[in-house]
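Take a look at the structure set out below.
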Amino acid sequence: MEKSEKPPKEPGKLRQFLAALIVNQLALSYGIVIGWPSPSALQLQSSSSPVGDEPMTDAGVSWLTGILTLSGTIVTVLLSVIPDRFSRKRFGYALTLPILIAWLLIAFATNHTYIYVSRALTGVSGAGTFFLVSNYVSEISCDSIRGMLAAILVFSVNTGVLIAYILGGIMSFHTLPVVVIALAIFFFVTFIFLPESPAYLVRQNRMHEAIRALKWLKGGNVLVAECALSHVQLQVKEIASMRTAKFSDLFRDKATTKALIIALGLFIFQQTCGVFGMISNTETIFKMSGSSLSPNASAIIVAALQVFGSWVATIVVDRLGRRPLFLLSAAGMCVCHCVIATFCSLQNLQYDVSAYSSIPVVALSTFMVAYSVGMGIGPVVILFEIFARDVTPLASTVTLSVSWAAAFVITKSFTDLIALLGMHGCFFLLAAFCACNFMFCYALLPETKGRNREDIVDELNGVRCTKNSNNVKHTIGSDSVHAAYV
């Protein structure tokens, strides 16, 4: 009896992985941007501030992240009108310019205006990074590893946050930008050696260059490259034949309207859980809570666990299902907020809590893990599973723009909330948002694991349907943008 032949391995996976790592250097840089305010805010607010004649006010600190998310909101809307004919590589080269200018402004800052302009530019580069990385990785990767390569985006951002915390504690304010500038230059140089997106080349009818790019991506296998070219041509033709959705199409039927409510709810709750504000103010939070560890050491522990959580999320998101992870995440974050709020309340009432000063570190670390395994990457996965194909691009643009706007409101008001409600009141409020998130997911969120898109849309329309027996695996596609942070 002859042995059954094993299916041939897809060639070029190592090259595709390398290409994903190179382009995700931009995501790593953006992670440093997100984490930078945490160690820097304490320096800017000290009596010996490295910039300006006076310490930065609490309102000024809130703008460090607020300006970033505001510019990111605007750029996300603008990027939605960029045609698919736009070169991915030229766009990548262009993104290095705002990064370089932004960090040069920090390096040579003499007043706070330099910093605010810098943060606006990093918001531009951040929104552009999510657009470029998600699309480029999707267009150069084979089906079997596309999901894994897409998940590198979140992992890279979280790693960048960790790097910002570590370097922020050991390097001076004006020296840290040199590292990020060097990283941007290294990206520019290494990106030169990567091929252009085959889909872009096909859209431009540059077939000779497209087959050459695919040969590189497929490890030099000509037959596989030619087969891949035919597949790309069919995809491009199919997309070109689709009608462009209008805003009114988001409300055309029950399924689309309900999907929009679910998507907007998930991304708004992703921001109202407070993760962006907490990451940007980690050291300040630990300093105010009286933790026995130094603020910088506490922040590094939290960031390291966040990296671990994002790694776990990439493994379990397609194994445990969406609903259990969302519910577990929301419940875990709610409990962590309540623990920190209770600790701060007792401290505010003059109770001696010095023996329990490690509690804020443990609670915030647990919060980061709980966030990463559910609310971190989950909304992006759901976003591209619950809409009909023709409205997905428009729905993603609307949803992600609202997400950036929500991030602006939360981060801009975070320090104001602490001043108004106290540390304990702010965390109790965040706990309430997480509780609402739990109830929202329990009531409205369908389980999408192992189901095709049409089956999910039918359920949202109120049509009873059975579970897909084929266990179709969904992967994060070309629009897997800003999974953890906007």
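Quick reminder: no glycine exception, Cβ is built from N, Cα and C everywhere.
Nobody curates TrEMBL annotations by hand; they come from automatic prediction.
Here is what TrEMBL records for this protein:
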type	residues	note
DOMAIN	17-449	domain 'Major facilitator superfamily (MFS) profile'
TRANSMEM	21-39	transmembrane segment
TRANSMEM	59-79	transmembrane segment
TRANSMEM	91-110	transmembrane segment
TRANSMEM	116-137	transmembrane segment
TRANSMEM	149-167	transmembrane segment
TRANSMEM	173-194	transmembrane segment
TRANSMEM	259-279	transmembrane segment
TRANSMEM	299-318	transmembrane segment
TRANSMEM	325-349	transmembrane segment
TRANSMEM	361-384	transmembrane segment
TRANSMEM	391-411	transmembrane segment
TRANSMEM	417-445	transmembrane segment
Contacting positions for the transmembrane segment (417-445) when only residues 6+ beyond its ends and CB under 8 Å are counted: 58, 258, 261-262, 265-266, 269, 272-274, 285, 288-289, 322-323, 326-327, 330-331, 333-334, 337-338, 340-342, 344-345, 348, 375, 382
Any contact, the transmembrane segment (325-349) to the transmembrane segment (259-279), with at least 3 Cβ pairs under 8 A: yes
In contact by Cβ distance (the transmembrane segment (21-39), the transmembrane segment (149-167); 3 or more pairs under 8 Å): yes
Segment-segment contact (the transmembrane segment (91-110); the transmembrane segment (361-384)) at 3 or more Cβ pairs under 8 Å: no
Residues of the parent chain within Cβ reach of the transmembrane segment (116-137), under 8 Å, 6 or more residues beyond its termini: 19-20, 23-24, 26-27, 29-30, 33, 63-65, 67-72, 75-76, 79, 82, 88, 91-92, 94-95, 98-99, 101-103, 105-106, 109, 146, 149-150, 152-153, 197, 404, 478-482
For the domain 'Major facilitator superfamily (MFS) profile' (17-449), the mean pLDDT of the predicted model: 86
